[in-house]
Amino acid sequence: MSIHIAAQQGEIADKILLPGDPLRAKFIAENFLDDAVCFNEVRNMFGYTGTYKGHRVSVMGTGMGMPSISIYARELIVDYGVKKLIRVGTAGSLNEEVHVRELVLAQAAATNSNIVRNDWPQYDFPQIASFDLLDKAYHIAKELGMTTHVGNVLSSDVFYSNYFEKNIELGKWGVKAVEMEAAALYYLAAQYHVDALAIMTISDSLVNPDEDTTAEERQNTFTDMMKVGLETLIAE
């Protein structure tokens with residue numbers, strides 16, 4: 001057991017999907033995994049291990065924001081030996097070419113957070129995805145016919161930002177979307193020498209405000225990113 005995860009050693013696979021919403025973790029376990037067993041209910045942050053196409057895979061919620069995903073991802077890596085971590089979550093488009101329900105693969109993650117600068121105050125340490133996972137995910141998504149964008153995202157500490165126009169400006173610099181976790185996940189992956197990737201479904205748009213989705217859709221649909229994430233985890 002770790003401080004925030006109740007699993008015993010061996011109950012978590014070395015490959016894991018990380019949705020922010022614990023109910024999305026439950027949905028993935030019930031709809032994609034065979035013989036799924038719940039290994040964590042602490043703070044209702046549900047975690048499950050089962051098999052996908054014969055491969056042992058886990059899924060666990062992380063909550064919202066970089067402090068929360070940092071807690072769970074670090075414990076999964078350090079205490080349970082997880083080697084491949086793929087975040088599957090939602091993001092808001094910052095680019096007019098990126099639309100609701102399309103996928104974004106975060107090649108890198110800019111951030112307004114101090115989560116990295118606390119460790120490296122004199123450097124701008126780049127948060128980048130595992131190229132192996134990114135390459136596999138991109139080709140899998142294309143083979144499945146999914147509209148997929150690859151590029152930089154913004155990982156923000158603030159959901160209700162007072163810097164809305166600044167965020168919009170980033171879209172003009174090629175930033176695809178804004179979310180709240182990828183930079184912290186990539187930083188931990190670099191620190192502990194594991195592979196990480198963030199796959200997001202666009203749930204709303206900051207540049208096309210008429211495009212949006214419901215809370216129920218965000219919890220129970222967006223299955224394309226789940227399929228891509230699982231296929232990427234088991235790809236040789």
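Every residue, even glycine, has its Cβ placed from backbone N, Cα and C.
Here Swiss-Prot flags His4, Glu179, Met180, Glu181, Ser203, Asp204 as purine D-ribonucleoside binding site, drawing on similarity to another entry. Annotated phosphate binding site per Swiss-Prot: Gly20, Arg24, Arg43, Arg87, Val88, Gly89, Thr90, in sequence order, evidence recorded as similarity to another entry. The feature active site, proton donor is assigned by Swiss-Prot to Asp204, with sequence analysis given as support. Among the features that Swiss-Prot reports, site 'Important for catalytic activity' is placed at Arg218, with the record citing sequence analysis.
For the recorded positions given as Arg24, Arg43, Arg218, the lowest number of other CB atoms within 10 Å of the residue's CB is seen at Arg43. Same-chain residues at least 6 positions away in sequence with a Cβ under 8 Å from that of Met180 (purine D-ribonucleoside binding site) are, in sequence order, Gly20, Met64, Gly65, Met66, Ser155, Ser156, Asp157, Phe159. Comparing C-alpha positions, Asp204 (purine D-ribonucleoside binding site) sits nearest to Gly89 among the binding-site residues Arg24, Arg43, Val88, Gly89. For the pair Glu181 (purine D-ribonucleoside binding site) and Arg87 (phosphate binding site), the Cα-Cα distance reads 8 Å. In three-state terms derived from DSSP, His4 (purine D-ribonucleoside binding site) belongs to neither a helical nor a strand segment and is classed as coil. For the recorded positions Val88, Gly89, Arg218, a Cα to Cα distance of within 10 angstroms from His4 (purine D-ribonucleoside binding site) holds for none.
In this structure the C-alpha atoms belonging to Val88 (phosphate binding site) and Glu179 (purine D-ribonucleoside binding site) are separated by 11 Å.
Rounded to a whole number, the distance between the Cα atoms of Arg218 (site 'Important for catalytic activity') and Arg24 (phosphate binding site) is 8 Å. Its Cβ taken as reference, Glu179 (purine D-ribonucleoside binding site) is surrounded by 27 other Cβ atoms within 10 Å in the chains shown. For Arg87 (phosphate binding site), the same-chain residues that are 6 or more apart in sequence and have a Cβ closer than 8 Å to its Cβ are Leu17, Leu18, Pro19, Gly20, Thr62, Ile69, Glu181, Ala182, Leu185, Ala196, Leu197, Ala198, Ile199, Met200.
Between the alpha carbons (Cα) of Thr90 (phosphate binding site) and Ser203 (purine D-ribonucleoside binding site) lies a span of roughly 6 Å. In three-state terms derived from DSSP, Gly20 (phosphate binding site) belongs to neither a helical nor a strand segment and is classed as coil. Val88 (phosphate binding site) falls within a strand when secondary structure is assigned with DSSP.
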